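For reference, TrEMBL has these:
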type: DOMAIN; residues: 1-72; note: domain 'Cytochrome oxidase subunit II transmembrane region profile'
type: SIGNAL; residues: 1-20; note: signal peptide
type: TRANSMEM; residues: 44-67; note: transmembrane segment
type: DOMAIN; residues: 73-171; note: domain 'Cytochrome oxidase subunit II copper A binding'
Amino acid sequence: NIMFYILLIVVLVCWMITSAMVNFNEYNNHFAMKYLNHGMVLEIVWTIFPCLILLMIASPSFILLYLNDEVVLPAMTVKAIGYQWYWSYELSDFLNTTTNQTIEFDSYLLNDEMLELGQIRWLDVDTWLYVPTNTHIRFIITSMDVIHDFAVPSLGIKIDANPGRLNQVSA
C-alpha cells in the first residue's frame, strides 16, 4: 500500500522534471528569454513564503513543547540522583520527625547472593521508593557521574539522568 504511493510520487516528480527540461530549454523557450530574464521578485516570494509557513507551523509546536515540560502544582516532589551502582532519593516535601530534615535514602541493587526466589536480577533493590497512588508527583532526575536512565514503566516514565542537568517529569 505505501509502496504504491511512494512509486506514484517518484513517477510524478520524474515526469514533472522531464517535461520541464523538454519544454523549457534555452533553444525552445522564447517566453522565458523575453519576460523572465531576472525573476528577483519571484525568487524572494518563493523563499519568504515557505519560511513564513514553516514559522506558522513551528510556533505552536514550540509553545506546546515548553508547556508540556512544566509541572504545575505537584502534590509531592521526588529528586532521584543516579550514581554508578545505586540511586539516591530525596523527598523534599516530607520531614524526618527525629532530625527535622528532608527524607533521603540510597537504593542499591541486590547482589546475586541476596536474591530470593521470584526476584529479578538487576532489577530488585534493597530499599524501594514508595509513592502514593492517584497523586500528582514531580520527579526531578539528575546524575553525578555518567548518563543513567530513570524508568518506572507502570507510571509511564522514562527519562535520562544527565550529569549537571536537572530533568523533570510528572506522573
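Positions of Cβ are set from backbone N, Cα and C atoms, glycine also.
Assigned with DSSP, the residues of the domain 'Cytochrome oxidase subunit II transmembrane region profile' (1-72) fall into helix, strand and coil as follows: 58 helix, 0 strand, 14 coil.
Averaged across the domain 'Cytochrome oxidase subunit II copper A binding' (73-171), pLDDT for the predicted model comes to 87. Residue counts for the domain 'Cytochrome oxidase subunit II copper A binding' (73-171) by DSSP state, with H, G and I taken as helix and E and B as strand, are 6 helix, 48 strand, 45 coil.
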